[in-house]
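Peer 1: Got a structure here, written out as structure tokens. Questions coming.
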Amino acid sequence: MITVKPGCVTFQNVRKSFGAFTAIPDLSLSIEPGTLVTLLGPSGCGKTTTLRMLAGLEHPTSGRILIGGADVTMLPANERDVSMVFQSYALFPHMTSLDNVAYGLQSSGLGKKEAREKAEEGLKLVGLAGMGHRLPAELSGGQQQRVAVARALVLEPQVLLLDEPLSNLDARLRRRVRTEIRELQQRLGFTAVYVTHDQDEALAVSDRIIVMKDGEIAQSGTPRELYEAPASSFIADFMGEANVIPCEVIGVEGTEALIRVAGVDHRLPGRNAKAGMAKLAVRPGSITIAAAGQQGLAGRVLHSAYLGGHVEYEVETDVGTLFIIDHAVERNLPPSSDVTLGFENRGIALINA
């Protein structure tokens, strides 16, 4: 039987330099046992370097890394109680699925019979029972990914590390496999650290998301917290596309704020708002379109694109060009159409300047 012993993860003032370049200046974070935490950010933000330090594939220049309360800072990878699922899956092409899953168990000293029995259990766990005889080339991309997950899980690590595990799959398969990973993590309760640059993927699988920028934590929180209450323009735009609009907070009453955009006043949710200049992050689907001449923000359609279930517009306004998703496909506004824009109460966040 495969059992898990979920461990906590702690980084204490970790710094990582490559020659004169500092990839991680000063990183401190903690991950609770039994949670799936995603390191999210654009290329070069430091998320993969952070994962590699946790795996023991890189060592920090300074600082401490703890797994399950034990200091593993300078331990080699093979002495850490972690398993890693690589972006390429790293399956041995000449071995069957069963042998791939059993390989790590046998390398760690388990007898061949016991290793194969546990490997069969691992394949069953990921929905590949009866497919242990197949070579990697005889499996689909999604099945290969599940073999890689099974190989990692049978070692019963304190922490499972996943490095962009879905990047080699097509969009439809990515959605299915990310659901399978999340269901498996919740069912077994293991600790997982997941690296991706895909915001939708992070929102779908995570208990908590750590967004990184330039080797530092830009914001950490639940998927809902990051999407609905971004701490900066960078977070607002990175966690799903957002229009960032300059505005002025005229006043705040309870949870509602009076906001002025291009001379037009709006009453909108004002979480933690303060009077003064600010920025308004508005999701493309939270901008309303009405006929020209009404009260609101005047604009002119620059471009439109019909995408079946919705129409995408770029509209020029006094506060810049706004990107809008409109589900009223029958509206079908051609370029140069004059319109009036407004804001819904959902999908909007105030960011203090």
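If you go along the chain as it appears here, the first residue is 1 and each next one adds 1.
Note that Cβ sites are derived from N, Cα and C of the backbone, with glycine treated the same way.
Straight from Swiss-Prot, here's the annotation block:
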| type | residues | note |
| --- | --- | --- |
| DOMAIN | 9-239 | domain 'ABC transporter' |
| BINDING | G41, P42, S43, G44, C45, G46, K47, T48 | ATP binding site |
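Give me the lay of the land around each of these features.
Peer 2: Of all Cβ atoms in the protein chains displayed, 22 besides its own lie within 10 Å of the Cβ of C45 (ATP binding site).
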Peer 1: From the centroid of the CB atoms of G41, P42, S43, G44, C45, G46, K47, T48, the recorded ATP site, which same-chain residues not already listed sit within 8 A by their CB, in sequence order?
Peer 2: H197, M212, K213
Peer 1: Which of S43, T48 has the fewest nearby Cβ atoms, counting only those within 10 Å, among these binding-site residues?
Peer 2: S43
Peer 1: Around G46 (ATP binding site), how many other C-beta atoms are within 10 angstroms of its C-beta?
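Peer 2: I get 22 for this one.
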Peer 1: Identify, in sequence order, the residues in the chain of G41 (ATP binding site) that are 6 or more apart from it along the sequence and have a CB within less than 8 Å of its CB; answer 'none' if there are none.
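Peer 2: In sequence order, K47, H197, V211, M212, K213, A218, F238 meet the Cβ cut-off.
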Peer 1: Would you mind checking how many other C-beta atoms are within 10 angstroms of the C-beta on K47 (ATP binding site)?
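Peer 2: I get 27 for this one.
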Peer 1: So for P42 (ATP binding site), how many other CB atoms are inside 10 Å of its CB?
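Peer 2: For P42 (ATP binding site), the count of other Cβ atoms within 10 Å is 13.
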